[in-house]
Amino acid sequence: MAAKVITFMAVMVVTAFTANAKIPGVYTGGPWINAHATFYGEADASGTMGGACGYGNLYSQGYGVNTAALSTALFNNGLSCGSCFELKCINDPGWCLPGNPSILITATNFCPPNFNQASDNGGWCNPPREHFDLAMPMFLSIAKYKAGIVPVSYRRIPCRKKGGIRFTINGFKYFNLVLVTNVAGAGDVIKVSVKGSNTQWLDLSRNWGQNWQSNALLVGQSLSFRVKTSDGRSSTSNNIAPSNWQFGQTYSGKNFRV
């Protein structure tokens, strides 16, 4: 049910620097809201890899099976990528698991609308519905398989991630495509800037998902990155990519406090 997007290119992960420092302030999340949930992929969540956020292999990126594709109303044209939610199945004792356990997930994909079907009969992700298409293991953690679709209550929560924000630099000489992953706190990045050792701070434009681009010539310079999330907080990671950085490498910077 969720859209699949082929990742831009395979990357070689090189951890050049890891900063354990945290940014002052804490993202507090949001109120409980009613929605619905379905599932996609297989029992091992292999069908959820890739996706419209550009994260690629969700296992190697640290997201695992705790993921979901969001409907148009929640996806925000990709700006919601990386945001974290708590969900629980409600008001359906025949299909919800006993005790109404909750799950914690990260938004990694887009659940496209299906206007050939009514929004209450197959077009679950049609706007203005707020809907979560969960990785199968997550759905089975709150409801029975045969339910197919269940009512849920959800809320935004702070993202808890291990290590720093990761910056994977893809592209070529005059096209830098930076994938931003593993963001704690609010999780959803709304602005990315880069500074070479010979440049001022340069704002990147969002290409798709959480891939951000710059056409500046940055090869041969050490790089610093600044990330701003939807709660208004910023994280600056200075000189995390050395002057001999290569395309396809990943560098780890300063994360947000949780």
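Glycine is treated like the rest: Cβ placed from N, Cα and C.
The signal peptide feature in Swiss-Prot is assigned to 1-21.
Under the heading domain 'Expansin-like EG45', Swiss-Prot lists 50-164. The average pLDDT computed for the domain 'Expansin-like EG45' (50-164) is 96.
The disulfide bond annotation in Swiss-Prot covers CYS53-CYS81 (among others) and is backed by sequence analysis. Taking the Cβ of CYS53 (disulfide bond) as reference, residues of its chain lying under 8 Å away and at least six apart in sequence are, in sequence order, GLY78, CYS81, GLY82, ALA107, THR108, ASN109, PHE110, GLY209, GLN210.
Marked as disulfide bond by Swiss-Prot: CYS84-CYS159 (among others). With a 10 A radius on its CB, CYS84 (disulfide bond) counts 25 other CB atoms from all the protein chains. Under the DSSP three-state reduction, CYS84 (disulfide bond) is assigned to strand.
According to Swiss-Prot, the feature disulfide bond maps to CYS89-CYS96 (among others), an assignment based on sequence analysis. The Cβ of CYS89 (disulfide bond) has 25 neighbouring Cβ atoms from other residues within 10 Å, across all protein chains displayed. DSSP assigns CYS89 (disulfide bond) to a strand segment in the three-state reduction.
For 174-253, the entry in Swiss-Prot reads domain 'Expansin-like CBD'.
For CYS89 (disulfide bond) paired with CYS159 (disulfide bond), the C-alpha to C-alpha distance reads 21 Å. For the disulfide-bonded residues listed here (CYS96, CYS159), the lowest count of other CB atoms within 10 A around the CB belongs to CYS96.
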